[in-house]
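A short write-up of the structure that comes next.
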């Protein structure tokens, strides 16, 4: 496809923004089909894989959470419960031993220095102890890995990429595909910190801001050893030969459930995978996510026919460290009243807040309603210019704003240790349905609170029978009863809820 000299028109929609009613009609049929599929999270095992041996991997007791590095109060702890049951399925005859220390993985001194000094990690988390040997032990097998938010998944694939590439070769050897620009930038930041002493460089393949636009024909070829980006931009760079794929050793899909879902980015993801596998031969493929529904699992296990698998049991995917509540309100105005008069009265004392809404218009409405009451807040959704999104994210991360209103553009992978409260202003539902919950999105949303094992609280604001139906289905699916704040007008009830969550004395 020829590249013109005009700057690209900003995308009208993002995967994370629910289309307004007239925009959604074209997707309704496909979405309804997706909604009718099973959403079980039980591990999918290929019945024909007779050589696969199921292992019950035990991790030594000293495997506490590793440091998360980064804030003034010391390294945050990972969500690394002693009760976590990791179900592993290995392919072939390789025997993997869990790693009690990063030194057990035969990493370079430069990588160990980055892990300990720059990242503040002391030892592998439970998921890292099991997963990293599978990634780093020859022969290099593909891997499907599901683990809960905050368990250390990012370190697994970032360390995998840094370990596999040769810093002396100025060619791209590792690619990581992400669903959003923000997640791509965040993963690059982690890689650059962890690999600070290795000399490895990383390019970020995301749609440029208007002011930074350069016609792709004029772009130089990418010589960074690692490229992290969104699927659309990566496809353009590969198609225009800005990235040469014949030296790729490792291909990572972060939030793989969405990257390979039919209503996500499956088309681009499959094309990138085919192109790399065709040109690079035995490229190792790593698929990481907190959730995999049954349809995605079925697709993935057909694509990855001879790989290892790691799954956390379904009942552990409820994020017990995050206290969830439901709040019955009579109307939309009452939702705003609850936020500003009840939750904010205590929420501002304990940390930052993310309010999740369903549509771009709702983002504006909630933002306007709160600013009219003199609350300082910011809002983000997919149609904003890239520079605007970056500015808003950075201001929130720096603590300049305490309240962020967002569509699901931030539901996945956004790490901000100071976020203690999440408010579901709108419950997440699947495209084209009235009351079918999007279980994966719900899990990812509540995972924004209490990152790295810290405590957090989630308030689900329910208005009418539809919201209550969605909430009941979520409780049934995750086998978790969400307690109710008895009176939406009672300050005492909200204060008691936050005390129970461990957020106020």
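Each residue, glycine too, has its Cβ placed from N, Cα and C.
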Of the ranges 246-249, 250-253, 254-257, which one does Swiss-Prot list as motif 'DEAD box'?
254-257
Which range is it, out of 100-129, 130-159, that shows up in Swiss-Prot as motif 'Q motif'?
100-129
When neighbour density is defined as the number of other C-beta atoms within 10 angstroms of a residue's C-beta, which of the binding-site residues 147, 151, 154 has the lowest density?
154
